[in-house]
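As given in TrEMBL:
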COMPBIAS  15-24  compositional bias 'Basic and acidic residues'
COMPBIAS  44-60  compositional bias 'Basic and acidic residues'
COMPBIAS  71-129  compositional bias 'Basic and acidic residues'
COMPBIAS  156-165  compositional bias 'Low complexity'
COMPBIAS  409-418  compositional bias 'Basic and acidic residues'
COMPBIAS  692-703  compositional bias 'Basic and acidic residues'
COMPBIAS  704-774  compositional bias 'Acidic residues'
REGION    1-24  region 'Disordered'
REGION    40-129  region 'Disordered'
REGION    147-173  region 'Disordered'
REGION    393-418  region 'Disordered'
REGION    691-774  region 'Disordered'
Amino acid sequence: MARNAIQPSFDFFTGEERSPARQPLRETFRQSTATLTALQQASEIRDAEQRAERDFKRAQAAETAAQQSTKKLDQLTRELSDIENRHTNDKIQLERKIRTLQDDNQSLREDLEDAESRLSSSEREHQHGLNDLEARHAALQASFEEAQRDLESKVSTLQSTQQRLSQRESENGNLENEILRLKAQTGDSDTLGIIKRELSEQVSHIKRLESTNRDQSSELKQLRKTHKSVEIVQEEKRALEQKVRAMEDLRKELAEAQLQKQILEDEKRSWTSYLESEAAGREEMAFESPEDMAKAFVNERLERVTLMEKLGALQPELTVRDANIKTLEDEKNLAIKEVEYLRAQMKAFEAEENEFSPETSNQEENKRTQELETLIDQYRSEVETLSAEMKQLESSAPVAAPTQGLKRPHPEESDERLGELRRKTRTLQDDLTALQTRYSTLETELKAKTSQLNALRESSRTRVLELRDNPTAQAEGIKMATLRTLKEENAALLEQLEGRPNGATKVVPISTLDHARLQMSELEATIAQRDKKQQRLKSIWSAKFLEFAEAVAATLGWKVVFQPNGRFKVTSILYPTSINKDGEEEENSILFDGEKGTMKVSGGTESVFANEIRPLIEFWETVKRETKLVDQKKLAKIKLNKIKEDYAVCISTIDQARLDGSASVTSDIRRLVDNFITVLHEARGILILPRETADDRAPTHQDEEIEEEPATESIDDEEDANDLEADSDSDGDTVAHDDEDDEDGFDVGIEDEYRSDDDDNEELSDELEEDYIE
């Protein structure tokens, strides 16, 4: 080094600076080692500064998290207060509901006990009443059999007495004849006196027999009434037997309820013994009831769910922290190995330098190197201290936000405040967890109580209401009144049969009078029901009669009107109306009188309608000696004439519509013709047309021949016939008309038999339809 320092660096020959001489290998190696050391120290310094910067940022984040945690703490405090208030209100409501349910349960238990007591008392009463009724029934049956035997003996005595009476009457007649014969022969007064005396004795004996017969008849009536009473008692017995069967069903239900109650009590005892045995060994398992055990189980399950949630929240943080710790430990181990390697290399260089040139060792560089190493150790120790503090803070508050880690420690006040806030946060979080658990438990209890309340409501919702004046109570009252009256009447009759009358005079027992009054009231009610039924039937028959009259009018062309006193009036609908001399319209009607057997034609005997139907009237009065209600032949002729006139009008109207070309008129005419065809079919199917001898011709129509044959008609009265029947056979067609009158009782049944030709009718219909198509 001294040699290099005294050599000139200026070249005197060239006047330029001389290039520096090449340093020896040791100097170069030393310089490279120093440079490497300086670079390593610089890199360590940069790493320390970066770590310090990261710690500073982490500390700032911790401060921000602390502020956020403070805000969150305030929010949680408010939520906690709200939850406490809600919990208090819910608890009050639940306690109120629990008290209400307990009261309802107590009332239901009391009702059940009352019902059981009433059931047992009613069962005893019904059993006692049944026993009494059976005893009374046995007594009444015995008395009835005895009375029946007496009745049979008295009937036999009465028959023998009647036979003797008939014999005595025959003997009396013989004696009277003998007296007359003796009078005629001798006229002896003594003999007549004897005969009269015998006759008077016979008459008195006959009177006694008649009085005995009357008494026995009255006794027979009383015994028959007694028999009816016994039948009523038997009916009551059957009703009581049904009640007893119902009581047996109730007894079975009560036994099932008691069995279920016993099962529940056994289950309760088993639970009690189990809880006591569990509580004997461990205090935490001391439960007073299965409900407390279920509540504890629910609490444990909720706590387990809460801990699992906390564990799930901490697990990711622990995983990240473990990964960071592992990474840092790897970096630390690598750095320690690198430092050890560099220190070993440094020591080797120093040893080599001291060995070759101990006098030239640079004390300043060594000192500088030692200072840098000391500085590095200080940085390392400081980093370790900060890392330890960070770990301590994170371990002290694992749930809270990241702890503060600054390069420089906070003042003591900030640390105390932060610790206090962390403690408060932990306390509030524990309280919140406990309240949430309690809230979940109360919610579960509320659901259970709600289900119990619904079950109690469903069980108490079904109520049996009974009106004071219901039909069943009325029927039972009538039965009891009848039974009581019959009992009194039977007692009175038994007294009479046993020869213990109440008085010397012949009077009717008051029980019999009451029974008669009761029967009278029942008969009055029956009469009222029958009157109502008769009124309804009258209204129904009136409606049916209107339908019948409309059917007769639509089918036969006669309007039938029934009048009082057995009269009825028929009016022709198809016969054309006429005007009389006064200019008034005459009515085409016939009035029949069923009581007098007369017939009166409207307009007098000289009216047009009377002249028209006079041959028919004469025919039925002279030949058949009967008054016919409906003349089928005349009706068929009028119907056919009406059809022909309508057909001619339709054809002429159709021709006119063809000439005019009016679509609306054509549609109206077609509808009219359709109605005409319908009427034609009705006339062919419903009204059996007789054949006529005369030729009837319609305009624009071919010739039609309808031959008339005599009709064989018969009248047959039938009851309960409401319909119009048509029967056809091989010989001819039969039309049966059964008319049922109104409430006056007029009934006419007619069966008319016509021999008609269906082929002619069908030919007529076909020809009319062909003309309509053309």
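Including glycine, each Cβ sits where the backbone N, Cα and C put it.
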Legend entry - Counts of helix, strand and coil residues, the compositional bias 'Low complexity' (156-165), according to DSSP: 10 helix, 0 strand, 0 coil
Inset, instruction - List the helix, strand and coil residue totals of the compositional bias 'Basic and acidic residues' (71-129) as derived from DSSP. - result: 59 helix, 0 strand, 0 coil
Inset, instruction - Sort the residues of the compositional bias 'Basic and acidic residues' (44-60) into helix, strand and coil with DSSP and give the three counts. - result: 17 helix, 0 strand, 0 coil
